[in-house]
Structures are given as C-alpha cells and as structure tokens.
Amino acid sequence: MHPRFQTAFGQLADNLQSALAPILADEHFPAMLTAEQVSTLKRESGLDEDALAFALLPLAAACARTDLSHFNVGAIARGISGTWYFGGNMEFLGATMQQTVHAEQSAIGHAWLRGEKGLAAITVNYTPCGHCRQFMNELNSGLDLRIHLPGRVPHTLRDYLPDAFGPKDLEIKTLLMDEQDHGFALEGDALTQAAIAAANKCHMPYSYSPSGVALECKDGRIFTGSYAENAAFNPTLPPLQGALNLLNLNGYDYPDIQRAILAEKADAPLIQWDATAATLKALGCNNIDRVLLG
C-alpha cells in the first residue's frame, strides 16, 4: 500500500478495510475502482453507493498534493460505466498559482483520460468553487450532473450553477468527454507517439490549438495528458496538468519523471511550450522536448 493511504485506511470500518486491502496492496494502485470492485465493496461493507463514496473520500483526499495550502480536497467521479475515479487537488511550488489543479478537475480529468464516456455523479468533501462548477459545465453530462457533499442532500450542477453560461451558448456541439480524434499521424518513438495521441483526443473548440503531453518515468511507465478547454477560458485544464495528475494518482512522484514531450502546432493561436517547460523545470525535469503537429 502506498504510504499516503495508511492514515485514511486505518480510519475505515473493519469490513471495508478487509475488502479494500487487496485492492490497495499495489503501491501503484491506479486510484480507480472498476464497476466490479465497487459492487464487491458495497456487498462487503453493507453500504449503498452514496455512503460508500463518502466513506472512500478520505482516500481520494490522500492523493492531493498541497505543498502550498496544506488543504486537501478529495473527489470521486462516478462514470456511467460504473467505474469510480479518485481525484485530489494539486499545487506546484516554484510554478504559478494558475497551474493548480482542483480536486474536481483531477477526478474528472482522470475519468476522461481513462476513456470514460460520461459522468453520472461526483462526490466531493468540500463545496465546489465557482471555477470547478464552470469546469463541470463543459461536460457532456451538462447541468444534470449530480453533486454529492457530506451532510447535504444531492443536488445537480444546475442547482449550483444557476443561469449558467457554457458551451451551448457558443453553439459548441462536441463536449468534454465526447469522443474526439483530430487525426494527427503518430510518428517518432513511443513517448512522442503518446504525446501525439493525447493531442488527438484533446478538447479545444474555442482556440483550435491542439496539444498533448507525455511523461516518461524512470521505470518506463508513460502518462499522458490532453488539453481540455472551457467556454469560460480560465477553467481550462492544460495538458501537462492532465499528465501530472495521472502520474500522481498512480503513486509516482515528480522525481520519477525522466523525460517529457509536448505535442502542439507551431502556428496555433495558443502555445503551451513556455508554461509547460517552466512548470516541469520547477518540478525538477529538464529533459523536455516538443514535437510539432502537422
């Protein structure tokens, strides 16, 4: 078990601990639960779906990287496939506050990059901020997404974001978590191809500036992130943050990164290179390259 889970795990009910122990045994537990695992945990713990999600929130919050605020937020995105995806907020010392990943973004980005096609609900241990409410409004689940908070009855995003502005106001038809393939040819080595593949699935209907990032760890594991734009612009999630999020959720740390590749167009209206390189260098990675999309 990864050390970050030990405190939260020890506070769970005994029957839930027994059911979770085999799942968490891998130090690189991927911070997600398959539909089958969720069913097993419900059966062994006697908890219904909502109660189980609340019980597991401390494990999601344990994934947070909060070197600045020391305020851990955890989220669990529940996919329409039945798979659950953990998320935790991330802060990056030496970078800028704008590079921060919120817990809801972490869980949602996690689900999207794992290939989930839509979300039914999200469970969070603190009220979503306005930034996250706007981020969630980019999803194909729209304002019907259910939000579960401790001590409150569930509400939809519509309740938390009245008079909402979103992609439909800009006549955007393809939404975040809809399947997308921008058709860039895969070329180069495995890491370069992974970055291009990440760019192929990015969501960029406002700037038409595709980008993707691939990070290679010292053990050869590769994590990718795809660019995810938002109708309100500022809640946009850069591709590096998506990749760092997956790396962290899988139990890796920044010193594990040995190489990074950014894929983007040289003539795109928005360029990720400077921000990507600056953040990676702040985290100790200097082996950074860029491949230009055709």
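Each Cβ is built from the backbone N, Cα and C atoms, and glycine gets one as well.
Note that the structure is a prediction, hence the values are computed from the model and not measured.
As a summary of secondary structure, the domain 'CMP/dCMP-type deaminase 1' (48-168) carries 43 helix, 26 strand, 52 coil according to DSSP. The domain 'CMP/dCMP-type deaminase 1' annotation in Swiss-Prot covers 48-168, and the record cites sequence analysis as its basis.
With a 10 A radius on its CB, MET90 (substrate binding site) counts 22 other CB atoms from all the protein chains. Feature annotation from Swiss-Prot assigns substrate binding site to ASN89, MET90, GLU91.
According to Swiss-Prot, the feature Zn(2+) binding site maps to HIS102, CYS129, CYS132, an assignment based on sequence analysis. Of all the Cβ atoms in the protein chains shown, 23 others lie within 10 Å of the Cβ of HIS102 (Zn(2+) binding site).
Taking the Cβ of GLU104 (active site, proton donor) as reference, residues of its chain lying under 8 Å away and at least six apart in sequence are, in sequence order, ALA75, ALA77, GLY87, ILE122, VAL124, PRO128, CYS132, PHE135, MET136. Swiss-Prot lists GLU104 with the feature active site, proton donor, giving sequence analysis as the kind of evidence.
Within the model, the domain 'CMP/dCMP-type deaminase 2' (186-294) carries an average pLDDT of 98. Positions annotated as domain 'CMP/dCMP-type deaminase 2' by Swiss-Prot: 186-294.
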For this session: Show, in sequence order, which residues other than ASN89, MET90, GLU91 on the same chain lie with their Cβ within 8 Å of the centre of the Cβ atoms of the substrate site.
Result: ALA64, ARG65, THR66, LEU68, SER69, GLY88, PHE92, THR100, VAL101, HIS102, ALA103, SER106
Exercise. Say you check the Cα of HIS102 (Zn(2+) binding site) against those of the binding-site residues ASN89, MET90, GLU91; which is nearest?
Worked result: ASN89
